């Protein structure tokens, strides 16, 4: 029997009906609000699918993250290289051989992997993909404010049982591109403006968080920072230049990004893309900045998953990454969540600081078997990222103390147990808060978030050459906090110290030193008689609305400069 007939025999064995399993039985497959089907995809249309191959030594990877991130460890700051991580997690030869043979037999082509070899992306026709992934049925969909197009299957898929030890999930089937949660308020009318401000700008941020004109990058190090875009929108260099002309006059800054990873289209700029770039580069002023851009992606690809693949394929990356993406934990399969968590763990082992927005739905709300519960967000709930909540000025027109922004996401994971680094802080909150919701609404033993916060209300943004006021959301607070951490990395690098890396173990050991404690306000939740729209409330120390608080830059710099 020739090699081709052998492959066909292998493929026939793999697709035999009863010997199959579902890798993601709990994946939500409902069409998101605002999306509509345009009909079945043509059988000969090409799809790009990503196969997540089973990794090795994940427990050892977790131990190494703890060792390199804990200031009390002799390995603190001795981060792994991408090649070190690849040696650790690379799938077994049996896994690589089995999956490659299966895909080759199915007619997959133009397959490419990443340095860590734990993802394999291949092109197949719709006909081949539906045969390969039993049960899948691909349709064209359109939705979201930008009329984004996607090819997805809302049907469960199954894989040959022989692949169960080798494949975690297949990307490009169920998960739809995210949409923006940014809000824009009408501009308030204020009689007289002496001593007042009419919205958050870089100068307001620098005043509130005690930055001086000297708190900028030196331009002499290899320090860099990045933001990632997963929405179907763009930023424009001309908007960034205009933003800095209007608002960057009192500090040294860069007026263009150093590198765009991905494709920048020529369409209209998006407010969220503009916001991320403008405030990362004004908070982390004069520091080289990358933008990971998803526009131009194929309709069958998942933008967030593609970003994770990029991290697994670049040896030299920016030290700080800010990300404004999130999904409800319950909308994602447990297999997908656990695998993405491992990808975030890989980044932490390499000394990358990943900051994720906590979300803009407060504690969230959903109904389970007729009972309301809070609804945590992922990756905000991952124990391997630093999650950023949101605040408002007590007086929205003055640089005052901060209070909770009621939309600030926060709560307790239903997937991840509470990590040891936050045990003391969370236990103290749960035992001392006078305003806890009923225990049936949240998992008190889960990973609690956010970890920190910053202003998230009333920002000025320049988009499509137009200054736009009163833009709000944790998509604003996240790049601000990230930029300040980049400034601290600058000082550490100049002193010969390693970059901050995964911040949480150190952050919780310091008990909020270097941060303004936000003690007033509660965020929103379920609109029912039991909780009446109130989720968790802030209080002294850590809380699940604003974390440890907002940055006091000189004090935070001092706190984080110790080796």
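Cβ coordinates are placed from backbone N, Cα and C, and glycine is handled just like the others.
Marked as signal peptide by Swiss-Prot on the basis of similarity to another entry: 1-19. Summarising the annotation, Swiss-Prot assigns disulfide bond to 111-122, 365-526, 522-537 and lists similarity to another entry as the type of evidence. As annotated by Swiss-Prot, domain 'Peptidase S53' applies to 199-563. Taken from Swiss-Prot, the feature N-linked glycosylation site applies to 210, 222, 286, 313, 443. Swiss-Prot lists 272, 276, 475 with the feature active site, charge relay system, giving similarity to another entry as the kind of evidence. Summarising the annotation, Swiss-Prot assigns Ca(2+) binding site to 517, 518, 539, 541, 543.
Shown here: features listed in Swiss-Prot, placed on the structure.
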| residue | record | Cβ within 10 Å |
| --- | --- | --- |
| 122 | disulfide bond | 24 |
| 210 | N-linked glycosylation site | 15 |
| 286 | N-linked glycosylation site | 20 |
| 365 | disulfide bond | 19 |
| 443 | N-linked glycosylation site | 19 |
| 517 | Ca(2+) binding site | 18 |
| 522 | disulfide bond | 21 |
| 526 | disulfide bond | 23 |
| 537 | disulfide bond | 19 |
| 539 | Ca(2+) binding site | 20 |
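A 10 Å radius around the C-alpha of residue 543 (Ca(2+) binding site) takes in none of the recorded positions listed as 276, 313, 443.
Take the mean position of the Cβ atoms of 517, 518, 539, 541, 543, the recorded Ca(2+) site; other residues of that chain with a Cβ within 8 Å of it are 512, 519, 538, 540, 542, 546, 548, 549. Listed recorded positions: 111, 518; maximum Cβ neighbour count within 10 Å falls on 518. The CA atom of residue 313 (N-linked glycosylation site) is located 26 Å away from the CA atom of residue 475 (active site, charge relay system). Counting other Cβ atoms within 10 Å of each Cβ, the lowest count among the recorded positions 272, 276, 543 belongs to 272.
In the structure shown, across all protein chains, 475 is the one of the recorded positions 222, 475 with the greatest number of other Cβ atoms within 10 Å. Close to residue 541 (Ca(2+) binding site) in the fold, though at least 6 residues off in sequence, lie 425, 428, 429, 511, 512, 517, 548, each with a CB less than 8 Å from its CB. The distance from the Cα of residue 518 (Ca(2+) binding site) to the Cα of residue 122 (disulfide bond) comes to 48 Å. Straight-line distance linking the Cα atoms of residue 526 (disulfide bond) and residue 537 (disulfide bond), rounded to a whole number, equals 14 Å.
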